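Student: There's a structure below that I have some questions on.
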Amino acid sequence: MRHLLGTEGLDVDIATAVLDTADELKRTLLGREVRKLPTLRGRTVVSLFYENSTRTRVSFEIAGKWMSADVVNVSASSSSVGKGESLRDTALTLAAAGADCVVVRHPASGAAHRLAGWLEDNGTSVVNAGDGTHEHPTQALLDAATLRERLGGLAGRRVAIVGDVLHSRVARSNVHLLTTLGAEVVLIAPPTLLPVGVGAWPVTVSHDLDAELPAVDAVMMLRVQAERMHGGFFPSAREYSIAYGLSEARQRLLSEHAVVLHPGPMLRGMEIASSVADAASAAITEQVRNGVHVRMAVLYHLLAGDNTAGAADAATATRTHGGEA
Amino acid sequence: MSEILITGARLYGTGDPVDVLVADGHIAEIAAVGATAAPKSARLLRAQGRVLLPGFVDLHTHLREPGREDTETIETGSAAAALGGYTAVFAMANTDPVADNAVVVEHVWRRGREVGLVDVHPVGAVTVGLAGERLAELGTMAKSAAGVRMFSDDGHCVSDPLLMRRALEYSTALDVVVAQHAEEPRLTVGAQAHEGERASRLGYAGWPSSAEETIVARDCLLARHAGARLHVCHVSTSGTVDVLSWAKELGTDVSAEVTPHHLLLTDERLATYDPVNKVNPPLRAERDVLALRRALADGVLDCVATDHAPHAPQDKDSEWAAARPGMLGLQTALSIVVETMLRPGLLDWRGVARVMSERPAEIAGLPDQGRPLAQGEPANLVLVDPDAEWTVRGGELASIAANTPYEGMRLPAVVSATLLRGRLTSLEGKIV
Ligand SMILES: [Zn+2]
């Protein structure tokens with residue numbers, strides 16, 4: 001694996017290997033006082049964020065540091081899009097300065113792919129940490145890790161993705177990854193928040209949350225951005241909450257084993273009732289915890305060993321170096 | 001003026017090869033090979049196997065001068081036109097300063113004459129500063145030395161229906177045509193690509209077909225009401241073809257153009273993430289492309305226009321959202337028309353002459369362009385080698401910019417020579 005740009009087209013073996021490595025890393029680090037492996041010592045990871053996202057950036061930063069990589073944070077203003085130094089020049093500068101990997105968050109869809117193209121000759125890896133409304137592959141991987149952990153596997157499982165699918169890179173990445181891993185996906189949203197052409201996606205579509213809940217193994221709630229509420233996508237927050245919010249009453253429709261996910265930050269009360277978010281069925285804090293292990297696994301697969309390194313090699317590598325930390 | 005004898009060409013690609021004697025800017029004689037009364041001093045242009053057509057007319061060119069001479073000038077754009085087989089181009093008004101007054105349009109027109117490679121007709125803006133708020137001085141521009149024949153806010157849509165009505169009504173006194181960039185701006189906020197499954201998957205905000213179709217439908221009704229002449233720029237959807245077909249049946253005085261890139265490329269190109277493929281209106285779906293080809297063949301679409309849009313590297317080699325829309329078109333237009341229309345049998349060479357020369361000249365009211373190949377007619381001509389092929393290299397095109405989506409593609413048909421009023425402007429890929 002040279003880059004991680006998206007989950008669309010991500011090979012099932014590679015995805016599984018990353019998830020297995022994340023499991024292995026989680027076990028290795030469990031209960032350790034010093035959670036540091038020397039695996040990526042001497043490698044430099046630059047996080048280049050054109051959008052604010054504390055949780056994603058911190059997660060990558062911790063992941064890099066726990067692998068002993070040098071992590072450099074670059075915050076770039078999103079207003080530099082189209083003016084100031086171009087993304088291309090920034091990318092070439094970072095590569096020239098010795099970045100082994102650039103983790104990029106950018107408001108423009110496709111930005112990570114462009115970056116990878118410009119860095120073609122430099123040997124620098126690119127991780128897409130969210131590009132516009134396109135993809136957010138590590139979020140999908142951490143969601144999959146969490147569901148695997150809770151449900152014991154994804155093959156044949158049914159996952160509902162609820163809310164603003166239209167503007168959600170999390171939804172797009174999850175649709176690709178979950179179906180790749182053998183799960184069924186049902187998208188539940190008002191028609192105005194579903195992408196045009198969604199009929200061609202490998203999913204089913206519904207506008208009726210109550211009807212779907214009893215049959216799903218997991219519910220993934222999406223964030224509704226405040227500006228959408230006034231953008232005419234739906235009449236009011238109240239009406240949205242009534243139709244698509246995960247209330248306590250709706251939680252009771254879920255089967256006992258069903259897992260509730262939310263990528264955060266949550267709009268408690270509107271998207272999800274506070275009690276539901278804090279209930280045992282919710283895996284929201286586990287998502288955050290798994291995020292670090294998944295991102296460690298991604299950096300490992302990009303930067304350590306050769307590209308064919310599988311889960312077994314990764315585990316060996318972490319164990320071998322484990323004692324040195 | 002010296003004479004040129006074009007020997008062995010086939011007019012409109014049909015019939016026996018003939019000799020065409022050009023003198024004093026006109027076609028002096030057309031006769032069987034070896035049978036003209038050409039003087040010994042006549043320059044000989046061997047044209048065996050070549051097709052002779054009236055010079056092409058482009059109703060939609062962005063020459064970028066004044067304002068962005070780093071991407072194109074009237075001189076380099078004229079060279080690209082001459083090499084592409086054009087003898088007249090219409091330079092869009094979205095320059096800096098905007099061509100919304102007599103001073104700017106006269107400057108563009110004069111500069112075109114000084115360069116002398118192609119007739120450069122400035123398009124005047126419909127509204128002051130292309131702002132869509134009040135009418136520019138259409139009459140003053142029409143009556144200026146530039147003799148503006150066509151008005152357009154291209155790049156922007158005159159979206160206010162009342163203002164569009166007034167523009168159409170006012171234009172009827174001037175015998176000019178109002179050309180609309182049909183795009184309902186409320187439906188294309190943030191739009192980056194054709195609204196469809198591909199854009200949805202890639203997370204690009206969609207440019208829906210209906211944003212074009214609703215404006216075209218509205219404008220056809222307004223033009224009919226005003227008794228005015230409407231021209232629709234760069235039609236991109238099958239729905240617009242339906243609207244035009246209906247409006248023409250009702251007797252509306254409407255004409256429409258299609259670009260070569262909308263005849264060839266689809267939104268499949270989005271998967272490259274490369275903004276060289278970003279254009280406005282966007283590349284559409286396969287079914288749109290097929291509908292546009294059929295409509296051009298049967299006359300619902302009148303002509304081909306390039307929407308030649310040079311851009312600097314820094315304005316294109318960026319993330320998709322930050323890139324400016326547009327692509328080069330003057331030197332590749334003929335080849336794309338041959339590839340998409342002639343080779344599949346949708347048009348013959350006579351049809352190519354209709355959509356690239358005759359109709360655009362009629363729409364713009366040019367008396368000396370797009371004329372029949374006949375004795376006494378002005379010698380605005382293009383000679384085409386129909387069997388030759390060439391490989392597109394953006395850096396080798398005459399434009400200062402190099403933003404061509406056809407980079408490295410092998411294309412059919414080569415322009416052998418272009419004549420403007422009997423004078424060679426391009427010959428075998430070189431400016432004369
Ligand atoms: Zn336009």
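Counting begins at 1 with the first residue displayed.
Backbone N, Cα and C define each Cβ position, glycine as well.
TrEMBL: automatically predicted annotations, no manual curation.
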Student: If TrEMBL says A:Arg55, A:Thr56, A:His136, A:Gln139, A:Gly264, A:Pro265 bind carbamoyl phosphate, which of A:Arg88, A:Arg105, A:Arg228 does it name for the same site?
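Tutor: So the carbamoyl phosphate site in TrEMBL includes A:Arg55, A:Thr56, A:His136, A:Gln139, A:Gly264, A:Pro265 plus, from the candidates A:Arg88, A:Arg105, A:Arg228, A:Arg105.
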Student: Report the member of A:Arg55, A:Arg105, A:His136, A:Arg169 (the binding-site residues) whose C-beta atom has the most other C-beta atoms within 10 angstroms.
Tutor: A:His136
Student: In angstrom units, rounded to an integer, how far apart are the Cα atoms of A:Arg105 (carbamoyl phosphate binding site) and A:Arg223 (L-aspartate binding site)?
Tutor: 17
Student: Between A:Thr56 (carbamoyl phosphate binding site) and A:Arg169 (L-aspartate binding site), what is the CA-CA distance rounded to a whole number of Å?
Tutor: 14
Student: Give the three-state DSSP assignment (helix, strand or coil) for A:Pro265 (carbamoyl phosphate binding site).
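Tutor: The residue in question, A:Pro265 (carbamoyl phosphate binding site), is coil (DSSP, three-state).
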Student: With the carbamoyl phosphate site defined by A:Arg55, A:Thr56, A:Arg105, A:His136, A:Gln139, A:Gly264, A:Pro265, which remaining residues of that chain have Cβ atoms positioned within 8 Å of the Cβ centroid?
Tutor: A:Ser53, A:Ser59, A:Gly130, A:Val170, A:Pro263
Student: Here the binding-site residues are A:Gly264, A:Pro265; which one has the lowest number of other Cβ atoms no more than 10 Å from its Cβ?
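Tutor: The binding-site residues A:Gly264, A:Pro265 were compared, and A:Pro265 has the fewest Cβ atoms within 10 Å.
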Student: Could you tell me the C-alpha distance between A:His136 (carbamoyl phosphate binding site) and A:Arg169 (L-aspartate binding site) in angstrom, no decimals?
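Tutor: A:His136 (carbamoyl phosphate binding site) to A:Arg169 (L-aspartate binding site), Cα-Cα distance: 6 Å.
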